[in-house]
Each structure stands twice: as structure tokens, then as C-alpha cells.
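Feature annotations, reproduced from TrEMBL:
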DOMAIN    3-380  domain 'Major facilitator superfamily (MFS) profile'
TRANSMEM  7-29  transmembrane segment
TRANSMEM  35-57  transmembrane segment
TRANSMEM  69-87  transmembrane segment
TRANSMEM  99-120  transmembrane segment
TRANSMEM  132-151  transmembrane segment
TRANSMEM  157-178  transmembrane segment
TRANSMEM  199-219  transmembrane segment
TRANSMEM  239-258  transmembrane segment
TRANSMEM  265-285  transmembrane segment
TRANSMEM  291-315  transmembrane segment
TRANSMEM  327-348  transmembrane segment
TRANSMEM  354-375  transmembrane segment
């Protein structure tokens with residue numbers, strides 16, 4: 001089994017766990033006695049550690065040329081964090097477990113992207129391959145989300161975190177089969193455009209990543225609570241979240257392939273516009289379940305368009321020797337958005353309500369689309385990707 005398939009399997013396993021836990025984590029904190037504002041502070045504090053950790057994991061990976069070993073360690077650390085979270089019976093324990101989880105997850109995100117970039121280095125269709133791998137992970141997320149609410153209703157929050165730890169432990173064992181890319185392997189790109197790319201990621205790209213992520217995280221961090229306030233059950237909340245994840249699979253494959261033909265920036269901008277429309281849908285249509293289903297389908301396409309193109313662009317920029325650092329910088333920009341979004345989400349809801357939050361998120365998502373379109377205008381060669389056979 002080659003590295004691409006192994007990484008796709010690991011991605012599948014980890015996203016099952018994330019699908020189980022993500023829609024329910026803020027509800028778990030609320031059950032332990034946290035206010036909306038305290039929920040934001042707990043998540044934000046852990047993300048500060050993640051912000052620093054992304055850079056550290058990426059730098060270590062390039063310096064030591066030991067991406068596989070560090071990746072296994074990060075997966076194992078996340079498993080331990082989930083086991084710890086399953087035993088937490090107060091907010092202090094839950095916060096410490098989340099802190100370890102976010103530090104370890106920084107390594108998982110940074111190193112998996114760097115390893116995937118190595119695996120696809122010679123591919124002419126990086127976007128399609130990245131979209132398929134990440135899209136399959138979205139199906140795994142959907143499976144976890146559909147089952148997570150039922151498990152929580154039947155067995156409680158502690159049990160679902162125990163299950164999540166088991167998935168990460170299996171992923172760590174699977175990662176032992178990865179082969180480390182030789183440090184001396186030269187970077188080859190099937191696209192002549194890539195040869196002229198600078199080693200670092202463009203600031204406009206990073207700004208768009210931060211704005212898009214802030215909009216998405218601010219909205220989704222409070223979305224389960226918004227749905228609960230409207231009277232939806234935990235099973236319905238998880239199922240609606242999972243529906244969007246099911247749509248992400250075809251969306252990522254299609255948008256990844258499209259970005260191979262028309263360039264990454266245009267597809268990234270479409271992802272920003274899509275998420276802006278979703279926020280408007282939450283404002284106007286959330287009380288109607290059939291309409292909300294339609295909004296979640298749009299969310300799946302918006303998320304898929306952005307994610308496949310952003311991951312591919314980050315992984316293909318620069319050579320193999322600095323791919324870890326670029327992956328870390330990309331994830332750092334995302335964490336900056338997560339930090340701002342998670343802090344803003346609960347605080348704004350506490351002060352001004354859910355509708356104010358969704359209006360802000362729509363504006364942020366449109367801002368990200370403008371960044372990506374501006375990047376395409378200012379540096380067309382940087383974001384173009386000519387479709388070549390192979």
C-alpha cells in the first residue's frame with residue numbers, strides 16, 4: 001500500500017472521530033456548567049497552543065526529516081487526549097484534555113498535509129487526488145456525526161470520547177506503515193507554472209484562509225447551540241451536520257478537479273461565496289427543517305470547494321525540503337481564523353444574539369472571496385494550474 005492510500009485511510013479514521021465529537025463538544029462543556037462565553041474562552045485557550053504548535057511541528061519535520069515518526073507521535077497524543085476527555089468530570093479536566101488535543105491535532109494536520117504533498121509531488125492532478133482523499137474523510141466525518149448524536153443520547157458524552165480515542169489509536173498504528181520520503185528527493189511538478197512559484201505562501205492567500213476559517217468557525221462553534229435553542233434534538237443536530245459532510249465528498253472531488261483546470265483561486269473564491277450564502281440561510285430559513293436541509297447542502301459545497309483547493313495550493317507551493325514549514329504556516333493561518341472565530345462566536349452570541357453572529361460571518365466569508373479573487377488578479381501565474389496529461 002503506497003503512502004497516498006495509507007494517508008487516505010488515516011484521514012478516514014481520524015475524521016470519523018472528529019465527526020463524532022465536534023458537533024457535541026460545546027454541548028458537553030455546557031452540560032459541565034460552562035456559559036457561552038466560557039465555552040469560547042476554553043476553546044480559544046487551547047487554540048493558542050495549537051497556533052504555536054503548528055509552526056513547531058512543521059519546523060521540526062523539515063529540520064529532522066522525520067515526518068513519519070512525528071506524525072505517529074501526534075496521532076498517539078490525540079488518542080490520549082480523547083481518553084482523558086472521556087474521564088473528565090469538571091471543566092478544568094476538560095480544558096486540559098482539550099489543550100493536549102489541540103497541540104497534538106496541530107501535528108496531525110501539519111504533518112498529514114506535508115506527507116500528502118510528498119505523496120502527490122509528481123502528480124499532474126493534485127487537486128483531484130487531494131479532493132478525493134479529503135472528500136472520503138468527509139464521508140467518514142458524516143458517518144461519525146450521524147452516529148455521534150445517537151451514541152451520546154444512549155451512552156453519554158464520556159463514551160463517545162472513549163470511542164474517538166480508539167479511532168486515533170488505530171490511526172497511529174496504521175501510520176507505522178508509512179514510508180519516509182528521502183530527504184534528497186528533488187521536487188517535481190507536472191505543471192510548468194509551479195516551477196516559478198516562490199517557496200513561501202502568498203499573504204493574500206493566508207489572509208483569505210484566516211477570514212474564511214474565522215467565518216466558518218464562529219458560525220459552527222455556536223451552530224449546535226443555535227439548533228438546540230430552536231428545539232432540534234442532539235440526533236437531529238448531528239444528522240444535519242453529517243448531511244453537509246456527505247455533500248462534501250462529491251464537492252471536493254469536483255472542485256479539486258476543477259481547480260486543476262481553471263486554477264485554485266477561482267475555486268477558493270467560490271468557497272467563500274458559498275459559506276456567505278449559508279450564513280444568510282441560517283438567518284432566514286433555520287426554523288424550517290426542509291429549508292435547513294437545503295442550507296446544509298450548500299454548506300457542503302462551500303466547505304468542499306474551499307478545502308480541496310486550499311489544501312492543494314498549500315501542499316504544492318515550495319519544494320519537499322520546506323513542505324513541512326509551508327504546511328505549518330497554512331495551518332497557522334487557519335488557527336488564527338479559528339481563534340478569532342471561536343472567541344467571537346460565544347462572546348457575540350452572549351451580547352447580541354445568534355443573528356448578529358451570522359451577519360458577521362457572512363461578511364467575513366465574502367471578504368475571503370475578495371482576497372482570493374485579488375490574488376488571482378495580482379498573481380495569475382501563481383494560482384493558475386494548467387491541466388496536463390498524466
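Positions of Cβ are set from backbone N, Cα and C atoms, glycine also.
Within the chain carrying the transmembrane segment (157-178), a Cβ under 8 angstroms from the stretch's Cβ atoms is held by residues 1, 3, 6-7, 9-10, 13-14, 16-18, 20-21, 24, 27-28, 31, 68, 71-72, 75-76, 78-83, 85-88, 115, 148, 151, all 6 or more beyond its ends. The transmembrane segment (265-285) shares the most Cβ pairs under 8 Å with 239-258, out of the stretches 7-29, 35-57, 99-120, 132-151, 239-258. Outside the transmembrane segment (291-315) by six or more residues, the chain places 113-114, 116-117, 120, 126-127, 130-131, 134-135, 138, 201, 205, 209, 212, 216, 240-241, 243-256, 259, 264-265, 267-268, 270-275, 277-278, 281-282, 285, 323, 326-327, 330, 365, 383 with a CB less than 8 A from a CB of the stretch. Predicted-model confidence for the domain 'Major facilitator superfamily (MFS) profile' (3-380) is 86, expressed as mean pLDDT. The stretch with the most CB contacts under 8 Å to the transmembrane segment (99-120), chosen from 7-29, 35-57, 132-151, 199-219, is 35-57.
Here the transmembrane segment (35-57) has long-range neighbours at 26, 29, 70, 74, 91, 94-95, 98-99, 101-103, 105-107, 109-111, 221-222, 225, 324-325, 328-329, 331-332, 335-336, 338-339, 342-347, 349-350, meaning same-chain residues at least 6 beyond its ends whose C-beta is under 8 angstroms from one of its own. Within the same chain, residues 38-39, 42-43, 75, 78, 82, 91, 94, 98, 108, 112, 115-116, 119, 132-134, 136-149, 151-152, 157, 160-161, 163-165, 167-168, 170-171, 174-175, 178, 221-222, 224-225, 228, 234, 237-238, 241-242, 245 sit at least 6 positions outside the transmembrane segment (7-29) and bring their C-beta atoms closer than 8 Å to a C-beta of that stretch. Between the transmembrane segment (354-375) and the stretches 69-87, 132-151, 199-219, 327-348, Cβ pairs under 8 Å are most numerous for 199-219.
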